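Database features (Swiss-Prot):
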DOMAIN    9-202  domain 'Lon N-terminal'
BINDING   G354, P355, P356, G357, V358, G359, K360, T361  ATP binding site
DOMAIN    590-771  domain 'Lon proteolytic'
ACT_SITE  S677  active site
ACT_SITE  K720  active site
Amino acid sequence: MAEELKRSIPLLPLRGLLVYPTMVLHLDVGRDKSVQALEQAMMHDHMIFLATQQDISIDEPGEDEIFTVGTYTKIKQMLKLPNGTIRVLVEGLKRAHIVKYNEHEDYTSVDIQLIHEDDSKDTEDEALMRTLLDHFDQYIKISKKISAETYAAVTDIEEPGRMADIVASHLPLKLKDKQDILETADVKDRLNKVIDFINNEKEVLEIEKKIGQRVKRSMERTQKEYYLREQMKAIQKELGDKEGKTGEVQTLTEKIEEAGMPDHVKETALKELNRYEKIPSSSAESSVIRNYIDWLVALPWTDETDDKLDLKEAGRLLDEEHHGLEKVKERILEYLAVQKLTKSLKGPILCLAGPPGVGKTSLAKSIAKSLGRKFVRISLGGVRDESEIRGHRRTYVGAMPGRIIQGMKKAGKLNPVFLLDEIDKMSSDFRGDPSSAMLEVLDPEQNSSFSDHYIEETFDLSKVLFIATANNLATIPGPLRDRMEIINIAGYTEIEKLEIVKDHLLPKQIKEHGLKKSNLQLRDQAILDIIRYYTREAGVRSLERQLAAICRKAAKAIVAEERKRITVTEKNLQDFIGKRIFRYGQAETEDQVGVVTGLAYTTVGGDTLSIEVSLSPGKGKLILTGKLGDVMRESAQAAFSYVRSKTEELGIEPDFHEKYDIHIHVPEGAVPKDGPSAGITMATALVSALTGRAVSREVGMTGEITLRGRVLPIGGLKEKALGAHRAGLTTIIAPKDNEKDIEDIPESVREGLTFILASHLDEVLEHALVGEKK
């Protein structure tokens, strides 16, 4: 047997198949290196070497992952398909084994030695060929998957080696067995191996036929699914598997015993298990019962997490991850203290209410961490179906427990911190009211025996620390709101945001963008400018996005320009994040008649709000512009009526309403405005315009007015004071009843403001109006 060396033949690794000599077949080629190997072969003599991978899951096999014996092959035809792959028609020529691998830039070639075989045959070869044909004929008759034409073509083959290869290619052999035949160079050995493989396949087919006949006798013709299951039974019987469900039932029994269920739940589980054992596996009810038992054993009936009762450590963890939010932190530490003393306190039900981005969800995670408990979160936004909370009854196809029970299974503990995110976004429709279903979950007197429609057994939720989050408390139904302890989280002040950026957000973004602390420095004034002019929010989400934009610019400068340190100041800030997006109200530059600076409270914090009054000849018509809401319009009417009733005391012409039309305008007319807190501001502007006395530019005011001139309390004084301080005002006139709210204002802001607390409009006018009547 002589061998011939061929050098630098492009290599095409095959996955899950191989090619014997004289075989002609199509191949679809898509891997880049394989495509390049084909291109190289087509540019030269159209010859390529096909070798099979040992593991089909590998995309780029190495030398040790390819069988060394393959087929020296000629490419007959090549076609590029629209999807980028290539379809080739190849013809196997000779066996060969790899001598050396040659790695090129985008493909691999090999040096191979052709394995020549003797085509002559002796009497033993003739006998083996006849035996092979006889067994192949029997195999075809049993399998009925190979055509008579194929058998006829095989009988015409004269070469014994070629006959063995062709027959082997038609057998459903494992890849390693086909490779074994390819590697067998001796023709007699190859014929014997193929005969052995055929005999083995015949035995397998006979057993399959026997199983099929046994099943067919015991089934109805129309029950196709039943036939398949009976066939599986027959296979198990043939293998001697008589165990059935016994082992499975034993395992489930042990799980039920170890689950720590209450006695009544355990009794139900064992009863269902008894039903499961008796019902055939082919029954649809069988899988329903099994799924139910799996849920029962997976729930944490008694398994609890031991609380970390170290108040100092818990406080440190909360302070480390969140700036401010003192009320929430204090409430958690109070809970821990009582838990340490009593050892058996029911979990509180808290609702963190506040605008987006102030850290409600992340605070809940920190609370779980400080307590050492598991954390579970479910989003209730858009939930409309009561079954989402309580689950579906098992009579429905595909029934599942509700989100509460699913969350408890996920936690794996009886006392997790359970976050009910966006509880104010639930709504109801024809499928029920999920907020009503939440009443039982969030009632400390009832949730120790919570009942899910799917589980149908009571489950104790009393040890769970439920934390709900909401943006708008007004959309939460009253009974549900009454069950929760509301903790309002106001927006952060500029100073708080500055500290959050320096302590939390900036270090986080620097790390996420692959920078070092020494690479990027933001000056405090630059951070304040970002807060004031590039974000308008109560929280810090947009602020974090702007910091991320700065970090990206810095990363580009460091990589592309090889700079070591980037410093961002208020002067070069626009180079990083562009022009300013927002502007806040500013104090007036001079005292003016009929122009008063009011204070407004929005969802993104406090701001100033100018109110202008103009007189024009007319018949006392009151004109209101600036996209004012109904409440604000009524405040203007009340202020107007009060001024008309007090003309003598205020030094105004009694018949002014017969001479002038009065126009009250609030600038930024595209922005909707509403609320009663601009009452004293409008009244002051009216008096200023009618008396000709200017209003101090340094004064901002807020308060509701009555027809008797009383000044009533308002909300959001803290945020309004922050807006006034930012705008450069020095004096704030506020209702006397809001005195208690002043202590909530940061000390750094209080120091720069003078607060005048008024209970009547006379006090407001005394401090707001300057100069003499004109």
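Cβ coordinates come from backbone N, Cα and C, glycine included.
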Neighbours of G354, P355, P356, G357, V358, G359, K360, T361 excl. site residues, C-beta within 8 Å of centre, ATP: L352, T469, N471, I489, A538, G539
Distance [Cα-Cα, Å, rounded] between P356 (ATP binding site) and S677 (active site): 24
For T361 (ATP binding site), nearby residues of its own chain (Cβ under 8 Å, 6 or more apart in sequence): R377, L419, D421, T469
Cα distance (Å, whole number) from K720 (active site) to V358 (ATP binding site): 18
Cβ neighbour count (within 10 Å, all chains shown) around P356 (ATP binding site): 15
G359 (ATP binding site), number of other Cβ atoms within 10 Å: 24
Neighbourhood of G357 (ATP binding site), C-beta criterion under 8 angstroms, separation at least six: E537, A538, G539, V540, R541, S542
Recorded positions listed as K360, K720, least Cβ neighbours within 10 Å: K360
Count of other CB atoms lying within 10 Å of the CB belonging to G354 (ATP binding site): 21
Largest tally of Cβ atoms lying within 10 Å of a Cβ, found at which of the recorded positions P355, V358, S677: S677
